[in-house]
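Below: the structure, in structure tokens.
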């Protein structure tokens, strides 16, 4: 049977080497990866490329595909599918089938591309930056593909070889004696640590890991209206992938520093305004600070402490709605702690006019008088 579709997807002939297959995949994944290419159909194209690579990069799957097509690569190889207890082109040996009933299952191709790890970075914002938005430069260290060996882990001029212990599978079978008899299970290969490949002559830059630490700087736009705990995802700014896989993502976690004037809940900003009892009784026009600048607000005569006024549109923007929140101003009437004689007389006259003739000012003792004198010095 002439099965060439997977080779065609990678632009290769059927006699392509593993290095050619890997290079073709890396080239095409950079072109069609959905984090890079936003055109319609790019994601579907990338999935087709990945499917072809996962099959052709595995020697057993490739042999099954060449003989039986896609069904053979997935374990259904037609007349030769069962093969025998020593393994065939489709299913593995009897022990592999048996182990699948006990959690073994099919093993993943150790050389298949895998996305890199995600990273997290916490950024601190001032109260105002969170309200209006900001642009921040973030500096951090991450694992990137080693430039010396292009991620292979091998010294330039050499290549990794198929692991002699697991024969490229990344796992080995281990026999264990149980009350039910001898059981066989699969464990990660202790030589290649699951990669399926051995590096005889490692790269001196990355010491065989295929990756190296590098300082990285990225600019992130903080949208207006963010709050503590919210995250911004920067695709592809995490750590390098494995076997040609894409980079992971960077998650920027927001932390908003408190304000010495305001508090906030969502798009609503809160402010406490201190006024005198004279202003509360007679009314006044006062200046109130907001994040948008000072505004004038009318205090009606007879305002009680705890009264809340709403300043429309003076809050924070709603993160997804786009409209502006409000600022709520709560009045707090401040009682004076020091009065001169004229002020006391005026208040006593006010009390008498109000019918509160029983009001008797507290007389200060000697020590309180001394304290007042010292405070005035």
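Numbers here mean position along the shown chain, with the first residue as 1.
A Cβ is built for glycine as well, from the same backbone N, Cα and C atoms used for every other residue.
Taken from Swiss-Prot as is:
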type	residues	note
DOMAIN	5-69	domain 'J'
ZN_FING	133-215	zinc finger
REPEAT	146-153	repeat 'CXXCXGXG motif'
BINDING	146, 149, 203, 206	Zn(2+) 1 binding site
REPEAT	163-170	repeat 'CXXCXGXG motif'
BINDING	163, 166, 189, 192	Zn(2+) 2 binding site
REPEAT	189-196	repeat 'CXXCXGXG motif'
REPEAT	203-210	repeat 'CXXCXGXG motif'
What are the DSSP helix, strand and coil residue counts for the repeat 'CXXCXGXG motif' (189-196)? 0 helix, 0 strand, 8 coil
Within 10 Å of the Cβ of residue 166 (Zn(2+) 2 binding site), how many other Cβ atoms can you find? Include all protein chains, please. 25
Its residues classified by DSSP, the repeat 'CXXCXGXG motif' (163-170) shows 0 helix, 0 strand, 8 coil
Given a separation of at least six residues and a C-beta threshold under 8 Å, show me what packs close to residue 146 (Zn(2+) 1 binding site) in the same chain. 153, 203, 205, 206, 209, 210, 211, 212
Using DSSP three-state counts, the residues of the domain 'J' (5-69) come to 46 helix, 0 strand, 19 coil
Please work out which residue of 149, 189, 203, 206 has the most C-beta neighbours within 10 angstroms of its C-beta, and give that one of the binding-site residues. 149
Can you give me the Cα-Cα distance between residue 149 (Zn(2+) 1 binding site) and residue 166 (Zn(2+) 2 binding site) in Å, rounded to a whole number? 24
Just give the helix, strand and coil counts over the zinc finger (133-215), going by DSSP. 0 helix, 39 strand, 44 coil
Far apart in sequence but close in space: which same-chain residues, 6 or more away, have a Cβ under 8 Å from residue 163 (Zn(2+) 2 binding site)? 170, 189, 191, 192, 195, 196, 197, 198
Looking only at the repeat 'CXXCXGXG motif' (203-210), what is the mean pLDDT? 91
